[in-house]
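Undergrad: If you scroll down you'll find the structure; I have some questions about it.
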Amino acid sequence: MEIIENLALGFSVALSPYTLMLAIVGCFLGTIIGALPGLGPSNGVAILIPLTFTLGLDATSALVLMTAVYYGAMYGGRISSILLNIPGDEPALMTTLDGYPMAKSGRAGDALVISGVASFVGAFLSTIGLMLLAPMLARVAYLFGPAEYFALYLLAFCTLGGMASNNQAKAAIASCIGLGIAMIGVDNNSGMPRLTGGNLHLMDGIDFLVAIVGLFAIAEVFFFIESHGKGSAIGVKLGKVRIPWPDILATKWTMLRASGVGFIAGILPGAGASLGSFLAYMSEKSIAGENAGFGTGVAKGIAAPEAGNNAAAGGALVPMLTLGVPGSGTTAVLLALLMTLNITPGPTLFTDRPEVVWGLIASLLIANIVLLLMNVPMVKIFVRVLQVPAWVLLPGVTMISFVGIYSLSGSYFDLLLMVAFGVLGYVLRKLDIPTVPVILGILLGGNMEDALRRAMVLSDGDVTFLFSTPIAIVLWLAAIAGFVAPMFLRSVLKKPQRITD
Amino acid sequence: MTKRFFKALITGAAITVGATGVASAAECIAPANPGGGWDFTCRQIGKIMFDIGAVDKPVQVTNMAGAGGGLAYTHVVNERNTDDDLIIAASSATSTRLAQNAYAGMTADQVRFVGAIGADPGVIVVGKDSPFQSLNDLIDAIKADPGSVAFAGGSAVGGFDHIKPLMILQRADFTDIAKVKYIGVDGGADAITQTIGGFTQAMTGDMSEIVGFLKAGEVRVLAVLTDERVPGFDDIPTAKEQGFDVVAVNWRGMYIPRGVSDETFNSWAEKLQMVADSAEWKEAMAANGLAPFTKVGSDFQSYVDGLVAEIAQMSKDLGVIQ
């Protein structure tokens with residue numbers, strides 16, 4: 001019953017009119033930030049942190065505002081994925097696979113509502129999970145050493161081949177391009193700069209947001225220019241939004257399973273929401289079998305990644321609050337916020353500052369309900385932002401991309417890099433090479449390499465160390481199965497690629 | 001209407017620019033994004049300097065992130081070399097990177113290190129179930145079999161967290177430092193997680209990174225790398241009292257451009273001393289897990305010179321630089 005008492009304390013903090021207002025404002029800002037291509041949650045939270053200082057908010061209020069923005073951005077990310085085929089943030093990548101085809105076939109409204117409900121289910125369940133399991137789940141992080149992390153990342157790349165393209169060789173090339181780009185910058189294990197050509201701007205490596213915005217948004221603009229503004233990707237019309245009950249009921253188990261998968265992926269430090277939505281999509285795809293038509297615009301293909309990434313958002317808060325280890329880029333920004341507010345996350349946070357933790361949890365529950373209300377009946381308001389004609393929208397997207405990326409580092413160099421990625425994205429799509437593995441390579445490549453190098457240091461270069469624990473062995477077997485299986489299933493696998501017509 | 005608004009805006013901007021030209025305010029460059037340690041140094045010290053009247057205008061903070069501080073360093077050396085009104089936040093990471101030539105050929109003597117007024121003490125930590133009860137136990141184990149103990153830390157290989165245990169080992173006459181296992185993970189909390197999980201045997205980091213785990217009883221601190229025991233953590237022994245004369249702290253301080261006069265150098269040193277003596281700074285230090293560590297003026301410059309020389313030599317031995 002301790003939980004009820006704690007929750008009562010939390011709600012007494014969160015339900016004050018001022019905090020409630022902050023939560024609503026945060027949800028609204030977050031959804032818009034998430035919906036705009038390129039301005040992902042970590043960007044959004046980072047941009048808004050100075051605001052909390054200007055407003056002179058106390059610790060709890062600042063946290064409530066920022067986590068509402070965080071959850072809001074996770075909801076909003078799906079809007080541009082579905083309508084524009086440009087993921088609003090990196091976890092929304094998987095939502096484009098089925099969301100955009102469904103929108104193309106005239107069911108944009110259904111896609112938005114299904115994804116909104118799935119987001120709610122994922123986020124709601126993971127908040128409950130956070131509440132019940134946080135102190136226990138913190139221990140999971142102790143079970144993952146370098147070998148286990150390496151196997152986990154390997155699993156992600158191995159299953160990528162069958163997912164991203166019909167041609168595994170092309171997917172593998174794309175992964176390698178991504179992994180190669182991830183190697184740029186200071187080598188963590190020797191402190192030496194690699195592949196930087198002596199350029200100081202490249203010392204920190206390439207920010208995946210620069211790559212994501214370049215490969216998706218800027219490449220989209222190039223295609224638009226090529227087609228002289230005719231038949232551009234933004235041909236999706238949104239009619240009256242109704243609630244597609246049959247689809248929602250049909251996906252209930254998908255949502256529940258995806259929430260579980262996403263939550264666990266979120267808890268693992270460094271994995272985060274991208275891996276959550278990815279694993280949720282892949283596991284649902286294999287459960288549904290080849291005839292389910294994943295990649296052609298099915299409801300389950302939308303529900304799974306959205307439930308997964310929102311559940312991972314909640315899951316990522318577990319290691320952040322209990323261990324001070326951020327589970328994703330955004331929680332890393334939130335961690336910085338906590339530190340500036342003089343709150344040291346760690347095993348004692350739940351006992352030392354219950355009002356902060358439980359106030360946060362209660363406001364997450366409130367934010368979720370607010371977001372469901374905002375995102376289902378009021379989704380048209382957000383869509384209107386994106387529904388302006390292409391010749392207005394695309395320059396706008398370009399501008400926001402430039403401003404968003406510039407705000408990251410304040411460096412013109414990243415802008416040049418972003419345009420270069422745009423060109424790369426254009427060329428790759430012309431060659432029918434998927435761009436999703438490139439992004440995942442950049443996103444996870446550095447972590448994967450670090451895990452391997454650490455494992456080698458600890459074991460004196462003994463390769464068998466990589467499969468020396470039960471967890472690692474299971475992950476390896478899953479990875480091998482994930483890579484081999486699609487080769488035999490080639491004839492039945494549909495091609496779930498980005499639609500570029 | 002709009003036109004008039006813009007005109008007003010431009011006029012306003014022109015007046016502002018003109019005004020700052022007459023009586024210029026001091027500027028503090030934080031070579032990182034908002035939220036980190038360098039940003040904290042600039043904002044806190046800048047604010048306190050103004051509050052206690054050490055400067056007559058609020059200190060402007062500019063964030064210039066990139067290359068682990070290298071962009072700001074290059075900027076100061078190449079473009080602001082004689083700017084009297086410029087201070088730049090620095091920490092032990094700055095001196096480590098300079099010693100390892102990580103700033104693209106820039107060297108430590110191209111700026112003047114004016115002072116440090118607080119520090120996050122270095123610590124060597126093991127899990128609560130570890131067989132190592134004292135720093136000597138740990139060092140003896142490494143001497144007997146260098147491969148038997150792996151350290152985890154929040155900095156990259158060759159970074160300051162890696163250097164700390166090596167400095168202790170050198171005092172213990174152990175010279176084969178390249179044999180000591182170290183993995184660099186993403187921050188101190190991650191390093192502790194790996195140590196408690198049993199993947200590494202010890203963690204090297206800063207005091208502020210371990211406070212939560214210490215209170216929860218998950219870890220045991222073998223040594224703190226300061227001159228005296230840290231107030232508030234009086235039961236943690238220093239490395240010095242266990243026979244290893246190592247002081248390795250993550251100091252928070254400032255450097256200024258090389259080309260300024262000695263008067264300017266001394267006046268900034270005085271201002272930092274004033275901040276160090278203020279009640280406001282003591283409060284800010286306590287709130288952020290910093291221990292007192294005041295070295296200003298030429299005293300600090302020679303401390304940094306010594307540090308840079310020692311780390312450069314050690315990095316050569318480790319093979320992270322040629």
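Glycine is treated like the rest: Cβ placed from N, Cα and C.
Pulled these from TrEMBL:
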- A:7-33: transmembrane segment (TRANSMEM)
- A:20-440: domain 'DUF112' (DOMAIN)
- A:45-71: transmembrane segment (TRANSMEM)
- A:111-134: transmembrane segment (TRANSMEM)
- A:140-162: transmembrane segment (TRANSMEM)
- A:169-186: transmembrane segment (TRANSMEM)
- A:206-225: transmembrane segment (TRANSMEM)
- A:261-281: transmembrane segment (TRANSMEM)
- A:323-344: transmembrane segment (TRANSMEM)
- A:356-376: transmembrane segment (TRANSMEM)
- A:388-408: transmembrane segment (TRANSMEM)
- A:415-445: transmembrane segment (TRANSMEM)
- A:465-489: transmembrane segment (TRANSMEM)
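Situate these features within the shown structure.
TA: Along the domain 'DUF112' (A:20-440), the predicted structure has mean pLDDT 78.
The list of residues near the transmembrane segment (A:111-134) in space but at least 6 beyond its ends in sequence, with Cβ under 8 angstroms from a Cβ of it, reads 3, 7, 71, 74-75, 78-79, 82-83, 95, 99, 102-103, 238, 241-244, 247-248, 251, 255-256, 258-260, 262-263, 266, 297, 299, 302-304, 306-315, 317-318, 321-322, 350, 361, 364-365, 368, 371-372, 375-376, 379, 383.
Distant neighbours of the transmembrane segment (A:356-376): 6-7, 9-11, 13-15, 19-20, 23-24, 26-28, 31, 59-60, 63-64, 67-68, 71-72, 75, 112-113, 116-117, 119-120, 123-124, 127, 130-131, 241, 243, 314, 321, 343, 349-350, 382; these residues of the same chain sit at least 6 beyond its ends, with a Cβ under 8 Å from one of its Cβ atoms.
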Undergrad: Where else in the chain does the transmembrane segment (A:7-33) make close Cβ contacts, counting only residues six or more beyond its ends and a cut-off under 8 Å?
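TA: For the transmembrane segment (A:7-33), the sequence-distant neighbours (Cβ-Cβ under 8 Å, at least 6 residues beyond its ends) are 39-41, 43-44, 47-48, 57, 60-61, 64-76, 79, 131, 354-355, 357-363, 366-367, 370-371, 374-375, 382, 385.
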